[in-house]
Amino acid sequence: MSGLNEPFQTLARQRGAAELGIWIFLASELVFFGGLFTGYSVYRFLYPDGFLAAGAETNLIIGTANTAILLTSSATMAVAVWAGREGLRRHVLWGLCLTSLLGAGFMVLKAVEYAEDIRKSLVPGAGFALPERGAEIFFSFYWIMTAIHAVHLTIGVAAVSLAAWRLWRGRVDWRGTAFLHVLGLYWHLIDLIWIFLFPLLYLLGRGG
């Protein structure tokens with residue numbers, strides 16, 4: 001298999017089209033999350049005390065651990081992409097498998113954190129635990145942004161796992177094709193979004 005799909009005449013054109021498509025998608029995702037970050041900033045300005053009180057209630061240990069996990073997964077994905085360029089099939093497979101496992105580990109910790117948040121009545125609505133004005137708005141942003149991020153990560157884990165399985169079974173030609181590069185860009189977007197979420201949701205309210 002050459003990895004070339006119709007209607008492209010060369011692998012270079014196929015890769016260029018794939019890269020253009022993923023960059024358009026990534027830009028739209030950044031605009032979407034940028035709107036959420038802007039809304040968060042506005043309400044943080046309006047309710048500073050409530051946001052500080054709410055931020056102190058998030059689980060810093062899990063948040064930090066998940067940040068380390070995603071940063072590590074970025075490295076393993078980068079190894080997979082590099083190995084694909086170098087023609088090192090085994091390294092590609094290991095990089096994809098480790099990336100998928102790290103992503104799954106993130107989701108397990110996030111599920112533990114969500115269970116803790118529910119137990120502490122930190123879900124917006126009737127019975128919300130914190131009395132400070134604006135605290136409930138903070139957790140509205142918390143749930144919305146982390147849930148959307150989790151959906152993106154779940155899709156990423158599924159895509160990476162499928163790619164690893166197809167590579168292991170010899171059902172995909174990974175040399176000279178764009179799919180690893182596109183997959184890597186998507187994964188790095190997930191990590192980038194979390195890098196912005198972490199200080200907004202976990203470090204707020206914990207300054208000296």
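Just so you know, glycine gets a Cβ as well, placed from its N, Cα and C.
Database features, via TrEMBL:
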DOMAIN    20-206  domain 'Heme-copper oxidase subunit III family profile'
TRANSMEM  20-40  transmembrane segment
TRANSMEM  60-83  transmembrane segment
TRANSMEM  92-112  transmembrane segment
TRANSMEM  141-165  transmembrane segment
TRANSMEM  185-205  transmembrane segment
Task: When counting Cβ pairs under 8 Å to the transmembrane segment (20-40), the leader among 60-83, 141-165, 185-205 - done: 185-205
Task: Overall pLDDT of the domain 'Heme-copper oxidase subunit III family profile' (20-206), taken as the mean - done: 92
